[in-house]
Number of protein chains: 2
Amino acid sequence: MSETETGTGSSPGGPRTVGRRERKKAATRKALADAALRLFLERGYDDVSVKDVAEAADVSTTTLFKHFPGKEALLFDEDESLESALVAAVSERPPGQSVPAALREHVLRTRLDAKPEFARFLALVDTTPALREQARRMWIRHEAALARAIAADAGAPEDDASCRALARFALEVPSLVRGTPDPRDAIERAFELLEHGWHARPVAPGPGGGPQRAS
Amino acid sequence: MSETETGTGSSPGGPRTVGRRERKKAATRKALADAALRLFLERGYDDVSVKDVAEAADVSTTTLFKHFPGKEALLFDEDESLESALVAAVSERPPGQSVPAALREHVLRTRLDAKPEFARFLALVDTTPALREQARRMWIRHEAALARAIAADAGAPEDDASCRALARFALEVPSLVRGTPDPRDAIERAFELLEHGWHARPVAPGPGGGPQRAS
DNA sequence: TAAAAAAGTGCAACGAATCAACTTTCTGAC
DNA sequence: GTCAGAAAGTTGATTCGTTGCACTTTTTTA
């Protein structure tokens, strides 16, 4: 243990830092999450019981449930950074770029060009129905934050219905394109719909043809 | 049980379409679904166990699981008619009406003007998180059929990505507007977005009045 | 220093879901 | 008509996720 904190006992009134206790709590929490990810990747989600995870982290199952509300939550422990990245993709987008285009680029970047470590995680989630649902639920929870960012950008009321709709639809895209043969094309088409609407859809029939794109 | 049917031996010339066996099977299935709906509405979803439902229908719990894959499935037993109505809303829409407009009307009709019997069911589902998820999952399962209908209407390939996106987004609307203060307005705005896109969003003079400019 | 609060443990229990072996129908073919 | 067998159902046990309760240990606070 590294003692890098200020002594609380000898200096009352000083900045009350984290405390040994909370550090230990965070440590066991991390041990649980790490053990869970490792075991799930090794043997598959359904072939690992919460008892296994708890024993691998050297705690009891009761303690595990004090840290995580359920088995699925063991895998989705750090999604706050995802939310801030999502908001930043809108609020700090390059000048001249529309909001749907910024979201499209963000989705393309994070889902298609994922680094291999994260890709293994995505593959595990994709192949487990229970985790697919949980992943989507966690993902959609960012709707409110994203809708706020969009509304602020567009100068609309904070709870504007159109902004909420755009946020929800954009967040739904990863789930929508899951399992399609050409995910990149599917993502681009979905955001094209959000950008210009069904009304402006190219009506040229036939696959492979190059219909005029209003970008 | 409740059917006063005559013995098969006395009238052998009857139309042997279904068979006594399948009728009994359908009867117990219906008994289970009816008991489940009744008990869930009486005491709430979480305060009714599958054992309770099975006993109310006078079967064992194992038999219940032979008919339904899980507790949640007890409530969603007749959704085929919903799918055909959905497809019909697109393929038999009034001339001159766009596809998003037709879907908007269908959603407005079925979610806002529900008859009280169905409204009680919706209220139960809305107040139970586990049922909300299941309801959405069942609902989204119609994406493929709806996307096919849209593609056929638009003269696009059967698995066109844009059509799938429109289908998914439209099906997501009921989940999106759940809990909003003005559901009708939220529905109209969401379909407005799908119809004309974010690009054509009204900025200064919005329909419906009220303060648009926050800052 | 004592008390209160929090983290952790062990054990038992409940509910959902599955499995295996067995009984009771009903169906269909000979 | 009879009989083999499929299908519905039952009992009982079992696994797994999850929660509740009583209890110990550790840390914070008064």
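Along the chain as shown, the residues are counted starting at 1.
Every residue gets a Cβ built from N, Cα and C, even glycine.
Note that the structure is predicted; figures quoted are calculated from it, not measured.
According to TrEMBL, the feature compositional bias 'Low complexity' maps to B:1-17.
Summarising the annotation, TrEMBL assigns region 'Disordered' to B:1-26.
The domain 'HTH tetR-type' annotation in TrEMBL covers B:26-86.
The DNA-binding region annotation in TrEMBL covers B:49-68. Packing against the DNA-binding region (B:49-68) from elsewhere in the chain are residues 28-29, 31-32, 34-36, 38-39, 74, 77: each is 6 or more residues past its ends and has a CB under 8 Å from a CB in it.
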Counts of helix, strand and coil residues, the DNA-binding region (B:49-68), according to DSSP: 14 helix, 0 strand, 6 coil
Within the predicted model, mean pLDDT of the domain 'HTH tetR-type' (B:26-86): 91
